[in-house]
Structure formats: C-alpha cells, structure tokens
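According to Swiss-Prot, the protein has these features:
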- 1-11: compositional bias 'Polar residues' (COMPBIAS)
- 1-21: region 'Disordered' (REGION)
- 12-21: compositional bias 'Basic residues' (COMPBIAS)
- 135-158: region 'Disordered' (REGION)
- 248-364: domain 'RGS' (DOMAIN)
Amino acid sequence: MPRLSQDNQQGHQKHFSRPSRRIQFLPPPWTEAYNVNVHQTVENEGCATAMHNVKLLGSPAAPTLLSLLSGTLSGFARFFALLLRRPPPEAPLRRRDFSALIPALPAAVLSPGHEERPGRLSLLLRAALALPGRPPGGRLPREVDASAGQSSSIPPMGSEWMEMRKRPVCAAQEPTACAPGQPGVENQGSNACCFCWCCCCSCSCLTVRNQEEQRLRRTSYEARTEDLPTCEESPGPTLEEASAWAQSFDKLMLTPAGRNAFREFLRTEFSEENMLFWMACEELKKEANKATIEEKARIIYEDYISILSPKEVSLDSRVRETINRSMAEPSRNIFDDAQLQIYTLMHRDSYPRFMNSALYKDLLRSLSEKAVEA
C-alpha cells in the first residue's frame with residue numbers, strides 16, 4: 001500500500017487533533033415532569049406493565065415524539081380497558097306471539113287483588129297462565145269442580161286435547177266391558193285395553209273386530225238364504241252311488257242326490273249361491289218361450305250377477321261385460337260362460353274339500369251300516 005505524503009499526514013493529524021464541536025443537547029427540565037406524568041397516567045389506567053425509567057433522547061425532537069407515543073399508548077389503554085369491562089354480546093331472543101291465547105283466558109283466572117298489568121308484563125302473565133300446569137290454587141283449571149258441577153272454560157291444548165278425544169270412546173265401551181252378570185264379559189274385559197291404533201303393540205281389538213265381522217257375515221247369510229229354493233226331491237243315494245261321487249265331479253253333479261249333498265256342504269262354507277246359480281242356468285236352457293226366457297234371465301241377473309245382490313257370484317270382468325251387453329236381447333245361453341266359470345270354481349275349490357269333509361264320510365258310514373244290516 002503506498003504511503004501518504006508528508007503534507008497529507010500533517011493535514012490528517014491536524015484534523016483529528018481539533019477539539020470536538022458536537023453540541024450536547026440536554027433535556028429541558030419540563031421533560032422530566034412530563035415523564036413522571038406519563039408514568040402515573042399509565043398506572044392509573046390499569047395497564048399491566050407500567051413504563052418505568054423512561055429516558056429521553058438528547059434531541060430537540062424527543063419531546064414531540066414522546067408526546068405522540070404517550071397519547072397513542074394512552075388511547076389504546078383506554079380502548080382495551082373498555083373492551084375488558086364490556087360484557088359479551090348476547091344472541092337476540094325470539095319473542096313468542098301469545099296474542100292468540102289472550103282472548104281465550106278468562107278474567108277469573110287471575111288471582112284476586114291483581115289488577116291488569118299493562119305492557120309486556122301482562123302479556124307474559126297471560127301466556128304463563130295459558131300453559132298447562134297446576135296453578136298456585138292447587139287445582140287444575142280444567143278439572144271438574146265437584147261442588148259446583150261445572151268446569152272451567154279454558155280450551156284444552158296439546159296432548160290434553162287428544163286425551164279428551166279418547167275419553168268418549170272409552171266411556172262408550174266401559175258399560176259393555178265392565179258390566180257384571182252379562183254373558184261374554186270374560187272375553188270383553190281385555191278388549192278395552194286401547195281404542196287407538198298403535199303400530200308397536202298387538203291389541204285384542206282386532207280379534208273382536210274379526211269376530212264381529214264373522215257374526216255379521218253369518219247373520220247376513222242366514223237372512224239371504226231364507227228365500228232360497230229347497231233341495232231337489234230325490235230318493236236317498238245308495239252306497240254305490242255315493243262311492244261313485246269320489247271318482248269325478250261330473251258324476252257328483254249328474255245325480256240329484258249328489259247335488260243335494262254337495263249343496264248342503266256348500267251351505268256350511270257360505271257359498272251355496274254357486275250351486276243355485278248353476279241350477280238356475282240349467283233351468284233356463286230348458287225354456288223355449290221368449291218371454292219366459294227374458295223373465296228368467298232378468299231374475300238370474302238380479303239374483304246372482306248384479307253387484308247389489310247379496311247372492312252375487314264371483315265372476316271376472318270380461319264375463320260380466322258380455323252379460324251386460326247381451327241383456328238387451330237375452331237368450332237361453334246368455335249365462336253359458338258364467339255357468340262354466342262357476343262350475344270350474346266348484347270343481348277346483350269346493351269339491352276336494354267335500355271329499356275330505358265329515359259330512360261325506362258320515363254319509364258313507366251310514367250307508368255302509370244300512371247295507372250290512374240289510
């Protein structure tokens with residue numbers, strides 16, 4: 001590194017040998033008082049960390065900077081102090097509208113000595129009295145007064161309304177279920193358990209309903225069979241004849257004795273009208289007079305085809321439509337399709353049960369005993 005010249009070295013030493021000319025700015029006396037005031041203000045505002053031993057810079061701008069900082073800090077301190085003191089905001093409460101309940105409340109429900117309270121207090125009081133519960137008097141407002149024989153006029157609400165709807169039904173069933181000395185009380189006592197439908201319990205009301213339907217069906221059948229024609233007049237069957245019925249259904253239907261025995265069995269199954277309809281169709285085929293054919297066809301239609309008849313037979317819609325179109329000009333064969341359908345029904349459904357019935361077996365036993373005695 002090249003060395004400095006002698007002139008430069010002398011100038012350098014002369015420059016550094018001069019006394020320092022920097023001006024030492026001392027803080028004025030009023031800044032110390034301001035420092036004390038700032039410390040007291042921060043402590044009074046409740047700040048957790050007070051500023052102790054604040055040192056001012058030795059500059060003319062230090063007081064201005066300090067005043068700005070102290071003002072800002074004191075403002076923040078006041079702001080956070082207010083936030084800590086303020087309670088958290090609450091969610092807005094939803095007000096109920098009890099205006100519909102107020103007209104239903106009688107003035108007598110209010111306790112004596114209480115006057116009408118205006119405004120919100122009156123609304124709350126009326127709403128509380130309208131709710132179901134026990135009032136301070138110790139008696140429900142809708143309870144029947146035993147001494148006066150009168151009940152309150154407050155309308156029932158909620159589940160109480162459902163209970164009141166059930167009471168008339170239960171009251172109507174109690175005389176038949178609980179009256180002593182009547183026949184069938186043992187069976188009906190358990191039938192009053194409930195009268196409302198419930199999907200999770202099995203109630204004996206269904207059993208009572210089925211028994212009632214069977215009783216009505218039996219009564220209706222007995223009423224409609226009062227005007228039925230009597231059985232065909234025929235001699236009693238022989239053992240060989242009765243045994244031939246088991247060979248085929250046609251052999252059973254060919255003999256009057258077989259038809260009478262089969263008709264008696266159908267009567268026990270409440271389906272005697274099938275045999276009567278088949279026999280009426282056979283009688284219609286024997287007629288030759290047009291007026292007689294029309295009259296008998298009309299009678300057969302009203303007795304066995306019409307949906308209003310208690311002796312209606314079971315036919316499909318196609319056969320019914322064919323008969324309805326042909327009733328304008330009926331003929332002897334107007335019911336052939338319906339007769340064949342009923343014949344097939346008796347053959348497939350009733351005939352096998354007749355062969356296994358006690359009626360047919362008893363008939364064979366009695367005929368066998370007569371044959372042995374002879």
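A Cβ is built for glycine as well, from the same backbone N, Cα and C atoms used for every other residue.
According to DSSP, the domain 'RGS' (248-364) comprises 86 helix, 0 strand, 31 coil.
Per-residue pLDDT, averaged along the domain 'RGS' (248-364), amounts to 95 for this model.
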